[in-house]
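Asker: Pulled these features from TrEMBL for this protein:
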DOMAIN    1-100  domain 'Thioredoxin'
SITE      Asp17  site 'Deprotonates C-terminal active site Cys'
ACT_SITE  Cys23  active site, nucleophile
DISULFID  Cys23-Cys26  disulfide bond
SITE      Gly24  site 'Contributes to redox potential value'
SITE      Pro25  site 'Contributes to redox potential value'
ACT_SITE  Cys26  active site, nucleophile
Amino acid sequence: MEKFNELIQGDKLVLVDFYATWCGPCKMMHPVLEDLKKRLGDKITIVKVDVDVPANRQPVYTYHIQSVPTLMLFKQGRVLWNNSGVVPANQLQQIIEKYL
């Protein structure tokens, strides 16, 4: 998870998707995030963190992830925005564009 910490500390926006493979709403977010990445390209990094993988426990505990999906937007180590649950693509893009 050292790479995770490096990513969120950078100057580039990083959207982190805390998810679980068994989670139906998480599966709904997958195409939304793919579409978002296509639209925004290199302006944002999207990272997916499976909460059930033991190696991912540190950020799950650090950021008190209690439900999935949880989306968090980081820049320079700061949480700019977070949300638990499904977010429509257009709404998510508007939120992210506020911080670009």
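Note: Cβ is positioned from N, Cα and C throughout, glycine not excepted.
The shown structure was predicted, so the numbers you read here are calculated from the model rather than taken from an experiment.
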Asker: Among the recorded positions Cys23, Cys26, which residue has the largest number of other Cβ atoms within 10 Å of its own Cβ?
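Answerer: Buried the deepest by this measure is Cys26.
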Asker: Same-chain residues six or more away whose CB lies under 8 A from the CB of Asp17 (site 'Deprotonates C-terminal active site Cys')?
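Answerer: Looking at Cβ-Cβ distances below 8 Å from Asp17 (site 'Deprotonates C-terminal active site Cys'), excluding near sequence neighbours, one finds Cys26, Met29, Leu33, Ile46, Val47, Lys48, Val49, Pro69, Thr70, Leu71.
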Asker: Around Gly24 (site 'Contributes to redox potential value'), how many other CB atoms lie within 10 A of its CB?
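Answerer: Its Cβ shell of radius 10 Å holds 9 other Cβ atoms.
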Asker: Under DSSP, is Cys23 (active site, nucleophile) helix, strand or coil?
Answerer: coil
Asker: What are the DSSP helix/strand/coil residue counts across the domain 'Thioredoxin' (1-100)?
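Answerer: Residue counts for the domain 'Thioredoxin' (1-100) by secondary structure: 48 helix, 27 strand, 25 coil.
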Asker: If you draw a 10 Å sphere on the Cβ of Pro25 (site 'Contributes to redox potential value'), how many other Cβ atoms land inside?
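Answerer: Taking every protein chain into account, the count is 14.
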